[in-house]
Amino acid sequence: QCQLNGLWRNEQDSLMEISVVRDNGDFQGKYLTRVTLAGGCARASPLKGAQQQPGEGGWPTFAFTVRWDKFSNATTAFTGQCFVDTSGKETLTTMWLLREAVGSLKEDWKATR
């Protein structure tokens, strides 16, 4: 079974720490990105999410949001699934959407990546 709680590192060397997954699937933690829109030093940002409890023999799906705290005017939503290979290694696969604040409705087209 895949456990979301713990420390995770991605290919960009960013870190995510999920403290505990509650019985209802809710979780929270911190995300420290190495990739920033504004450049410069990133800080740990809060994340909140939920895990769908897997059926028998299934791998859990999950979603979470990160509010980039104090260094960016953006929010990112992630969704993914957790897998365990035959050697017991856990892997999270995710897709994300980042929304950056823009100054007008005319600029809306460039706000989501």
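Just so it is clear, glycine is given a Cβ too, placed from its N, Cα and C backbone atoms.
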- From CYS2, CYS41, partner that TrEMBL gives for the disulfide involving CYS82: CYS2
- Note on the structure: Given the disulfide-bonded residues CYS2, CYS82, the candidate whose Cβ has the fewest other Cβ atoms within 10 Å is CYS2
